[in-house]
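K.L.:
Once you've had a glance at the structure underneath, I'll fire off some questions.
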Amino acid sequence: MEHIDQRAFKSQRILLGVVMTFAILDHTRLFFHYWNTNPADLDHTTFSLFFTRFISHYFAPAVFFIAGIELFHWMSKRTKKQNVWQLFKLGSILILIEIFINNFLYTFDPYYRTIGVFIIGSLGLCLYCMAGLQYFNRKLILSIALTIIIAHHLLDSLQMKGDSLNAIFWYLLHQQKFIPQGQSLYIVNYTLLPWLGVLLLGYYFGFFCRSESSPIIRKKVLLYSGYTLIGLFFLLRGLNGYGESIPWKAGNSDLISILSFFNLTKYPASLDFIAITLGPIFLFLAYAENWKSRVANFFFTLGQIPLFIYLFSTLIIHLAAMIWLCFNGEPLQTMVITTASYGKDSPLLNYGYSLATVYILWIIFVLICYFMIKKLKPMNQDLL
């Protein structure tokens, strides 16, 4: 049985705490900023709005990578045969949480007219895949991970339509899709490719996080990988070719040109997207192992029970938005999110507050989550 090095564990929890605050910020923006605003619309966005959305991009790569690390140690406690059952069970639990809890927290719709596959559901699908991939050796798993991350763009031209079983399978594998069905909407945002590759990369790296592993070697691997990925991003993005489907263009100002350069595809995540998110994440993990401060302890606490806090924060943010609207004379059902919420007759079209308000509320929500964890004093700190 492999035991995780406590310094590595601490840095991973600090990272989860940091990116959790980014996710809370993005959800606060979603429910409190001007309704249905697109931060990536370079014709109408601002630097602060674009940045607010951009930093939230670090959440998913960090979660999938650390989930892979924890899977390595979690699976080492059992036989491969036992892992098959446990992975299918845990994967199914995550998918059920996605469908029945996470979707409801986003919409508050008791009729479930909007159902999406987001980060939790995608993690569940990845666990299904791990039931078979666990039989491969580490080097082959690394090869598969890198192939998925680097080569998945070769599938970009394959686009399907409709709601056949083949089409749905393809959407789950590699195509973002919105499928309207009457008053209902089905969404696939987090596809298996390339996120399975990121999880496998974490699984491979789990070997370096064992208690008997050298922290010096672990840090070297993280630093080398981190700087390489950042360099790869600037190289590929500068060439404006393979690695990103959205070309960057020189704008009317230097600021617009910079925003265009960093305007990347998340669904499905491009190679450029993964490089500029995983690169800094690796550097963060390399340096965070020796951090000892109140700030580090704060984020470590926030990262202790990430799945619960992710769901809890979505609940309180959405609930606060509903109550806020009610105080302003709108009925509670206005904040029950359906496809009509984005229509031309939606009362939410005139709803929303400045980014300054969003950031103030964000701090409040983060503190609520922090004190909730302190009160719970969680014993089980597993990500999955």
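Cβ atoms are placed via backbone N, Cα and C, with glycine included.
Heads up, TrEMBL stuff is auto-annotated, nobody curated it.
What you see is a predicted model, and the numbers here were worked out from it, not measured in a lab.
What TrEMBL records for this protein is below:
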TRANSMEM  14-35  transmembrane segment
TRANSMEM  55-75  transmembrane segment
TRANSMEM  87-105  transmembrane segment
TRANSMEM  111-133  transmembrane segment
TRANSMEM  140-155  transmembrane segment
TRANSMEM  187-209  transmembrane segment
TRANSMEM  221-239  transmembrane segment
TRANSMEM  267-287  transmembrane segment
TRANSMEM  299-325  transmembrane segment
TRANSMEM  351-373  transmembrane segment
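Structural setting of the listed features?
P.N.:
Cβ atoms under 8 Å from those of the transmembrane segment (55-75) belong to residues 2-4, 8, 12, 15-16, 18-20, 22-23, 25-26, 83, 87, 119, 123, 126-127, 130, 134, 190, 195, 198-207, 209-210, 264, 266, 269, 273-274, 277-278, 280-281, 306, 382-384 of the same chain, restricted to positions at least 6 beyond its ends.
Remote same-chain partners of the transmembrane segment (111-133), defined as residues 6 or more beyond its termini with a Cβ less than 8 Å from a stretch Cβ, comprise 59-60, 63-64, 67, 71, 75, 83-84, 87-88, 90-95, 97-100, 102-104, 141, 144, 172, 183-192, 195-196, 199-200, 203, 307, 310, 337-339, 384.
Within its own chain, the transmembrane segment (187-209) is flanked in space by residues 2, 4-5, 8-9, 12, 60-61, 64-73, 114-119, 121-123, 125-126, 129-130, 133, 138, 141-142, 144-149, 152, 155, 171-179, 217-218, 221, 267-269, 271, 274, 278, which lie at least six positions past its ends and keep a Cβ under 8 Å from the stretch.
Listed as Cβ neighbours of the transmembrane segment (299-325) (distance under 8 Å, sequence separation of 6 or more from its ends, same chain) are residues 10, 12-18, 20-21, 23-24, 27-28, 31-32, 63, 97, 101-102, 105-106, 108, 120, 332, 334-335, 351, 361, 365-366, 368-370, 372-374, 376, 378, 380-381, 383-384.
Residues 20-21, 24-25, 28-29, 32-35, 37, 48-49, 52, 298, 301-302, 304-305, 309, 312-313, 316-317, 320, 325, 330 of the same chain lie 6+ residues outside the transmembrane segment (351-373) yet bring a C-beta within less than 8 angstroms of a C-beta in it.
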K.L.:
Compare 87-105, 140-155, 267-287 by their Cβ pairs under 8 Å to the transmembrane segment (14-35) and return the stretch that comes out on top.
P.N.:
267-287
